[in-house]
Structures are given as C-alpha cells and as structure tokens.
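Undergrad: Here you go, one structure.
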Amino acid sequence: MTKAITLAIFMVVLVLGMVTKETQGEEKQCYDYLLTPQENCEGLICAHECTMQHGGNGVCVDTTSTVCICTYDCTS
C-alpha cells in the first residue's frame, strides 16, 4: 500500500512538472540587433542597453564586433 501511494505521488509530481514546462515555453522570443558605440562589444553595456530598451537579455556576438543581440519576450 505504501509503495502504491508513493508511486501515485511521484506520478502526480511528474505530470505537473511536464505541464508547467509546456506552458512556460509558449512565450514567443523576439530578437533585436543593437550596435554598441564602442569599437568592441562589451558584455555589460550590451546587457544594460537590452534591459533598458526591451527588458531582455543582451549578448555580444563577438568581442571584436560592435553587434549586440538582444533577446526578449514578444508582447504581441
């Protein structure tokens, strides 16, 4: 009886975890390319500009490039 209850609880937790994962992935991601004013892209400046403009996460493409890729949740 204890094994059956433990198995049932485990299955409920597993199913709820899968449902939660599916609903979180429904948000559409948008991308924007930001040009940094410096000669080289700096990670902190890229992240700050992306957060201020879109509320997202900014990542430098390359340290020798001036391109910053901003990823954020689309509202529409």
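Even glycines carry a Cβ here, placed using N, Cα and C.
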Undergrad: In Swiss-Prot, Cys46 is paired in a disulfide bond with which of Cys68, Cys70?
TA: Cys68
Undergrad: Pick from Cys30, Cys50, Cys60: which one does Swiss-Prot say forms the disulfide with Cys41?
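TA: In Swiss-Prot, Cys41 forms its disulfide bond with Cys60.
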Undergrad: Going by Swiss-Prot, tell me which one of Cys70, Cys74 is disulfide-bonded to Cys50.
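TA: Looking through Cys70, Cys74, the record in Swiss-Prot gives Cys70 as the partner of Cys50.
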Undergrad: I'd like to confirm something. Which of the disulfide-bonded residues, Cys50, Cys68, Cys70, Cys74, has a Cα closest to the Cα of Cys41 (disulfide bond)?
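TA: Checked the disulfide-bonded residues Cys50, Cys68, Cys70, Cys74; minimum Cα distance to Cys41 (disulfide bond) goes to Cys68.
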Undergrad: Sorted by position, what residues of the same chain at least six away from Cys70 (disulfide bond) have a C-beta under 8 A from it?
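TA: Same-chain residues close to Cys70 (disulfide bond) (Cβ under 8 Å, separated by 6 or more) are Tyr31, Asp32, Tyr33, Leu34, Cys46, Glu49, Cys50, Gln53, His54, Gly56, Asn57, Gly58.
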